[in-house]
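Please read the structure below before turning to the comments.
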């Protein structure tokens, strides 16, 4: 007869977890100890600087006397960081646009939000028109606000939003052109895409601000913002085209053939069968491209536009505030991080949802 | 019944319904539109340049530049030509890109592997690094390192002093500069001989292993030769190397090699930013190798290190290389952000100062864009070669 054995000893769960995940080998013990020590010595001073010793309220720069961060600086100049030089009395127009943007796009992150799809379509079609009327003004009794007064977060959002709205249709056309069977059209699209993708955005912006006036006939001239928007849109459309081409290639050949068998011509085939499937497939790719574009809009400060980083940078060099560079950068970094991290999470979830598990 | 109808003929499609005819028609139209817009652009540009009094052609490249550049890898001062500024900028761009690519690859591989570590803390720390860094614009990171970190370093008089040899202050990092004395040529020659010897030994060891199965410790012997031979030559010739140690002269340091803060900030920011992306690429590459491969390798009796080196990494590299190439290209293109902090790269020197002084926008912009285009194509060409060598060889 065999003796019944005692059940295996099970350690208390957290201790067992630690033994398995933190102290399983000698080098992991070493690494854990070093990392815990490093975190332990840096978290305290960091929290002190960020919150405990920081100055949040006050009247002017002299109130920042503690050792911590001077958030008063952000607090005082927040209006400038949000709207640039946009006149105070007209800022409700920008606020309406912020609100409409949120109404159109935040539901996209929430599954089963009612009319989510229609809000998205509104965001891509109706909203640009409203923005075009509301932000510059000059009609319907709205006071005109010239584009050199725009700035801050508002300008960053305008650049990214117009960039994406403009580059999406251009990207679709370029992607279709690159997959076309007509050699001249394909060749042109390949050259267009590859050239834009090979040069840095900064040279594109330089070109837009220096050379665009030379290209245009005498007397026809745009303001700086519009030139930057044209440069960004063309540059972005090349990246967009490559993302969409990926989607077009992922559609099985049978879909193309079936559409042709039904007697659909090229444009109807693309519009009704291929593009709806391809564009759904590449939404994560488009979101990722958008994140890249959103971060790259900061480059416009080099050609003298005041986006959110530009406004902060110009305030930091203001002699009345001393040593607030870190606070300014942390603030901008936080703004970008919240937007970009949110969007990248969204695209990762979508990717997981779209992954049917039987690709190739 | 209608008797007047002619007998039914096979319907001939109209020429405008024939896809081939339509294709030719569309292409001719496209060509005409492109040619017309190109022509209009050129005409407008020429007219505009004439009315503004801008000269054309590349003659300006021979004129004297008349401005100084804070850092140059080739001899340069204000008396050199505009053409020279082009090469100074180009070399500075290539320098920071090469430094960034090497450092970002190393850091990226370390973080990518750490992300898969069995140590929970290390894995989460790598994840935090990746998620924080890659969601913050690169320009902001460059600004942070330059304006917030390096500018707040002490002044030259209060430099951080490491053993009286290295000095760190807000003007840069000062390192001792090795100066070759006569006889140093022997050390260089020894290094060349060592490299050749290692290559020969590696070939011989591979051939022997394929023939007999015996393994030769190539790595240990190779490192020994690479270090030992030049060291021996150095000692035999009596140490023909002098160090030019930087020293405080007046308000600033003189002598030695200077790593200017602009270069340091750009290098650190580009490295950290790109490494976050490379880490994700490495992680997904390693995860793409199926578990069966590792298990089969272990079943064959390979230990951990060999499994990684001979089975997992070669297969992971196939997945890693294509996206890694585009990260290298991104780093190269992002190096142009140098212009925002005044590091004298191609865009800052040539597209900035030279363009402003000469006003010849078309030539300067075309030359700069041509450089980026060429280098981008070269990088993808070499990475494609490597990719082809690493790709799965199927029948």
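Numbers here mean position along the shown chain, with the first residue as 1.
Quick reminder: no glycine exception, Cβ is built from N, Cα and C everywhere.
For B:90-383, the entry in TrEMBL reads domain 'ABC transmembrane type-1'. What TrEMBL lists as transmembrane segment is B:20-42, B:54-74, B:86-114, B:126-148, B:183-201, B:221-243, B:263-282, B:302-321, B:364-386.
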Considering only Cβ pairs under 8 Å, which range in B:20-42, B:126-148, B:183-201, B:263-282, B:302-321 makes the most contacts with the transmembrane segment (B:221-243)?
B:183-201
Close approaches to the transmembrane segment (B:302-321) from elsewhere in its chain (Cβ under 8 angstroms; 6 or more beyond its ends):
281-282, 284-286, 288-289, 293-294, 296, 383, 386-387, 390-392
Report the listed stretch (B:86-114, B:126-148, B:183-201, B:263-282) having the maximum count of Cβ pairs within less than 8 Å of the transmembrane segment (B:364-386).
B:86-114
Close approaches to the transmembrane segment (B:126-148) from elsewhere in its chain (Cβ under 8 angstroms; 6 or more beyond its ends):
111-112, 114-115, 117, 261-262, 264-266, 268-270, 272-273, 275-277, 279-280, 334, 337, 340-341
